[in-house]
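Undergrad: Submitted below is the structure of interest, expressed as structure tokens.
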Amino acid sequence: MVSDMEVDMNGEDDSKGGMWALEQKIDQPMDEEAGRLKNMYREKKFSTILLLRLAFQSLGVVYGDLGTSPLYVFYNTFPKGIDDTEDIIGALSLIIYSLTLIPLIKYVFIVCRANDNGQGGTFALYSLLCRHAKVNTIPNQHRTDEDLTTYSRATIHEKSFAAKTKRWLEGHVFKRNTLLLLVLVGTCMAIGDGILTPAISVLSASGGIKIDHPGMSTDVVIVVSVIILLGLFSLQHYGPDKVGWLFAPVVLIWFLLIGGIGIFNIWKYDVGVLRAFSPIYIYRYFARRGKNGWTSLGGIMLSITGVVLNDAGTEALFADLAHFPLSAIQLAFTVVVFPCLLLAYSGQAAYLMKNKEHVSDAFYRSIPDIILTASEKVVSNRIRGNLADSIYWPMFVIATLAAIVASQATISATFSIIKQANALGCFPRVKVIHTSSKFLGQIYIPDINWILMVLCIIVTAGFKNQSQIGNAYGTAVVIVMLATTFIMILIMLLVWRCHWILVLIFAALSLIVECTYFSAVLFKIDQGGWVPLVIAAVFLFIMYVWHYGTVKRYEFEMHSKISMAWILGLGPSLGLVRVPGVGLVYTELASGVPHIFSHFITNLPAIHSVVVFVCVKYLPVYTVPEDERFLVKRIGPKNFHMFRCVARYGYKDLHKKDDQFEKKLFDNLFMFVRLESMMEGGSDSDEYSVYGGQSQRSKDFLLPDTNHNTFSSVVDLTVSSGDSIVPAKSPHNVHNSGMSSGQVSSHTEVDEMEFLTGCRDAGVVHIMGNTVVRARRDSTFYKKICIDYVYAFLRKICRENSVIFNVPHESLLNVGQVFYV
């Protein structure tokens, strides 16, 4: 028996001797298969009318969270009240320049350009880095993956500064793990924001009830908020596609209303607030308030929460540029969002200049006609009826709807974050449901939904006020900002290949502003800021342990994979009984024979007539087109009837949505056999790499789909006692006749197609490993805790692979074994 070869972290053989050459000849990389798929990615161009429509639609999906910030910013900036009206001017100046520097300049015009073929967010940035440098901690990629249409990347000159940075980043595993940890920290904080955004938005909107009913208890507001949150989370399984058309009109009306109210209040109360556009008032603000002014930055930062959160991996903002191009995002922000927000904050500031005691309810109090005196209200009612109520209650309804839209965006974004983390091997397997046939990114994860709902209600009912939730919100947002900045530095160096001076300027300006905010929120850790830290720490621990266990399990499989020479030494029958049917052996390896297969044939006396090693792997791209998804090749001579199929997915692709996965696999397998016969004249050859992907031109050659007859694995292993199964003219002949392996190899391509069809009709069995991962005896105490307890517990409660792959129970065969890592 030939011993297994050692494999390094990159999946490459260390030995270059005869055995290595034999392995490469038998089980070649899929260069030819992938090379046939190469196409150029082309940017879409939009007409002016379409661009305006997309900009309008982006308002509801992109800017809902940012638009609801005026509900609570001033209250969180001055939670103890306003001592001097000049402080209002200083706070407004900070808000103006925060909105200008971070959302407008940094995110809309710089960070948004770092998109992955139209996809934005932290995971998109990380995917870009994984394509430009070998920083992926799970080495299951191959150079053939670079030929994908969506696998776009820039070439790096060997002597450039970018190349030096690349070598520095790839130089040690510690640096790769640090980068992954940075991405996970930003991701976990974004998940925490997905809990805090619905809490603070809905609670702030519901608080408007007390304005019209001053004697109402705060508990009533809490109950109303909890009811809204319950309804919001309970309806998530329908997806936003059903009511998504309402989002853009609601948010547009919201922005126009708050902008119009702002103009009215500036004109009515104090036009002098416009002097806040001078940055000198920022200096005076800090000089006058000292430490209190510094700590109030936590409230100021809430004015930019929507931008920062959604850049951190959500679909709500900048993350769905495939549906909303960058130009539409920029147009909507500069024309509608930015000016309306400036007017809204300026109007509230003007109102507070005359009514600084109303800072806790500044938004609702500043609505026109609400603040009339008793005599004025009598006169107003005589002339216009109860106009105050007619303005207030519609505004309350719109505010509540806007808060729900903002919450919906962050909840959907959290689902997307979990899905992407799962695709990168950083989160336990969960059930993912696709809620829309039109939009790829609209998904629903039941388990995460109920966890978010419980945590959101606990936060809302536990704090009972906006101030502490705002402190928690600000802490999470500033950490996400910092994580994004550090990743952007690497993007500018490796992807954009900017001059190091430009990178230094970007890093310096960003870090000065963000570190200032970060230092401010540190003072409020004990006032609610600890909440996102605890939530993020729990999710970070889960994600890191799962990723650690996944990497160790993959390394074990790489080092213990079976030599192809050993398989060939067994002969066409593999030393077993070849029974009718097709065995799909699932593995994470894109090359070599997994250890589970040797474990299977060592303990059972039979194997199926056709064996297909199926590798389902996720790549650092947002999606893999259907016609580029499958790579098929033959393993060994034709009479072995062994194949390999690699199914490739992007981090936004949904495998469960691929309900016809088995049919597509066989379609590509049949097409492979036809193309192989056409290229090789139907004879045996040393070359077994022929592309098996389905194209529009080749659909006429595909066999019609037939009904699959499924049967239990017990029957599979006892149907036949012959030494081998051979091609036959019909499924009945496949069941009842046998030929030698030499006769099999002499059959034409048509006979092999009939043979494969007959085996498929006989039954398809999905063979999956039900592995138990244990730490070695000589492992450290921390490794034993992580692997034997935490990782084992997560594997026990997560979804089985058979559920994720949508495998029927009656055609599933689990093979159990223990891995010592």
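Backbone N, Cα and C atoms are what each Cβ position is placed from, and that goes for glycine too.
Feature list, courtesy of TrEMBL:
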type	residues	note
TRANSMEM	46-68	transmembrane segment
DOMAIN	54-567	domain 'K+ potassium transporter integral membrane'
TRANSMEM	88-109	transmembrane segment
TRANSMEM	179-200	transmembrane segment
TRANSMEM	220-238	transmembrane segment
TRANSMEM	245-267	transmembrane segment
TRANSMEM	324-345	transmembrane segment
TRANSMEM	439-461	transmembrane segment
TRANSMEM	473-494	transmembrane segment
TRANSMEM	501-523	transmembrane segment
TRANSMEM	529-546	transmembrane segment
TRANSMEM	566-586	transmembrane segment
DOMAIN	580-818	domain 'K+ potassium transporter C-terminal'
TRANSMEM	606-624	transmembrane segment
Undergrad: Are the transmembrane segment (245-267) and the transmembrane segment (46-68) close enough to be called in contact, which here means at least 3 C-beta pairs under 8 A that are separated by 6 or more residues?
TA: yes
Undergrad: Quick check: do the transmembrane segment (529-546) and the transmembrane segment (324-345) share at least 3 Cβ pairs under 8 Å, counting only pairs 6+ apart in sequence?
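TA: Judged by the Cβ rule, the two regions do not touch, with the required three close pairs absent.
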Undergrad: Excluding the flanking five residues on each side, which residues at least 6 beyond the ends of the transmembrane segment (324-345) place their CB within less than 8 Å of a CB in that stretch?
TA: 44, 46, 51-52, 54-59, 61-63, 66-67, 69-70, 73-74, 92, 95-96, 99, 103-104, 108-109, 112-113, 115, 118, 252, 255-256, 258-263, 266, 303, 318
Undergrad: Where else in the chain does the transmembrane segment (179-200) make close Cβ contacts, counting only residues six or more beyond its ends and a cut-off under 8 Å?
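TA: Counting only partners 6 or more residues beyond its ends, the transmembrane segment (179-200) has Cβ contacts under 8 Å with 65, 72, 122-123, 125-126, 129, 135, 137, 169, 225, 229, 232, 305, 309, 312-314, 403, 406-407, 410-411, 413-414, 417-418, 421, 426, 452, 455-456, 459-460, 463, 466, 469-470, 472-473, 476-477, 479-480, 483-484, 486-487, 490, 531-532, 535-537, 539-540, 543-544, 547.
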Undergrad: Averaging the per-residue pLDDT over the domain 'K+ potassium transporter C-terminal' (580-818), what integer do you get?
TA: 69
Undergrad: Near the transmembrane segment (501-523), which residues from the same chain, at least 6 beyond its ends, have a CB less than 8 A from one of its CBs?
TA: 98, 101-102, 106, 110, 291, 294-298, 301, 471, 474-475, 478-479, 481-482, 485, 488-489, 492-493, 529
Undergrad: When you scan the chain for residues with a C-beta under 8 Å from the transmembrane segment (88-109), skipping those not six or more beyond its ends, what do you find?
TA: 66, 73-74, 77-78, 82, 273, 275-279, 281-282, 284-286, 288-289, 293, 296-297, 300-301, 303-304, 307-308, 311, 318, 329-330, 333-334, 338, 341-342, 345-346, 349, 352-353, 356, 481, 509-510, 513
